[in-house]
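Below: the structure, in structure tokens.
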Amino acid sequence: MSANDFKPETWTSSANEALRVSIVGENAVQFSPLFTYPIYGDSEKIYGYKDLIIHLAFDSVTFKPYVNVKYSAKLGDDNIVDVEKKLLSFLPKDDVIVRDEAKWVDCFAEERKTHNLSDVFEKVSEYSLNGEEFVVYKSSLVDDFARRMHRRVQIFSLLFIEAANYIDETDPSWQIYWLLNKKTKELIGFVTTYKYWHYLGAKSFDEDIDKKFRAKISQFLIFPPYQNKGHGSCLYEAIIQSWLEDKSITEITVEDPNEAFDDLRDRNDIQRLRKLGYDAVFQKHSDLSDEFLESSRKSLKLEERQFNRLVEMLLLLNNSPSFELKVKNRLYIKNYDALDQTDPEKAREALQNSFILVKDDYRRIIESINKSQG
């Protein structure tokens, strides 16, 4: 034993660095998770192992999982976390191959022979990107095949979406959207969505035979090897378009979006409104009635907060003189209680500072749209 062996840091590993995730197709692509605290605790540190490496690999088509934990030494302490057992508890039981890589390869190679999402799932849309064809499917979790696939991929939600949890697969209101390469059948990403009953008032409840629903995007993930290639926007648009065409859905929402998804959503929603001619409408009429705006919001199936943001962005895009007034009015109402208790001059300054932050953020989004198109 060397002197270093008595230092705690010798036996302490970053869980984010120790866990090596791979998606294996023609080539293996390895990457690190963003988060491991759901598995290894809030500190994301693992104590008791030297030179720890945790391999978590998936076949790029079937996502058959494989785990292999390696280390050069382990402390003989009963309190040391069993890192392999801990990881396996988050993976589908009796479906993971542990340590036997040859067996894993044989298993997914055999499974690939009959693996075909198009035989089981409902096709939503398809698109071309960089000379390749991609298909979007959807499924409920009632189907055994869909449940097996979701159990294999759901750990990616924990590793790449902050504060994510496993969904209740026994709830029939969940639907999963799947994105795959049409030729290779490689899975590119997936989205969990949920439908809530939407109460529209007593009159509507009495008259409508068919129930109406809010549709929610919950977990949205493009796997790391396929990110920053345009798939996120294509998948998002496919889902939104399918909901716009679904007469039972009255409103589209997103659950706790992070900043990156907010940007993706804003860019795509703005471009959709511009294609529908709202850009021209706001250019001609900067002072639109509340009735027109509410009617537009409902036809676009947008929640109020998102619709108001898009209206403000369109006003800024068209250099409308009403942009500043509209934003400040919204900010004042939102922060009324705090501003009402503040010195008038300081309140005006705070309102102006908030307005500048909103304006700068909108400009950033608009510039990213112009850059992607130009």
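Backbone N, Cα and C atoms are what each Cβ position is placed from, and that goes for glycine too.
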Where Swiss-Prot places region 'Interaction with HAT2' among the ranges 17-25, 197-205, 332-340 | 197-205
Feature phosphoserine, as given in Swiss-Prot - residue among Ser140, Ser218, Ser354 = Ser354
Give me the non-local Cβ neighbours of Asn258 (acetyl-CoA binding site): same chain, 6+ apart in sequence, Cβ-Cβ under 8 Å, ordered along the sequence.
-> Ile161, Glu162
Averaged over the domain 'N-acetyltransferase' (135-303), the pLDDT of the predicted model comes to 92
Fewest-neighbour residue among binding-site residues, criterion Cβ within 10 Å, set Gly230, Gly232 | Gly230
Quick one: Cα separation, Gly232 (acetyl-CoA binding site) versus Glu255 (active site, proton donor/acceptor), in Å?
-> 16
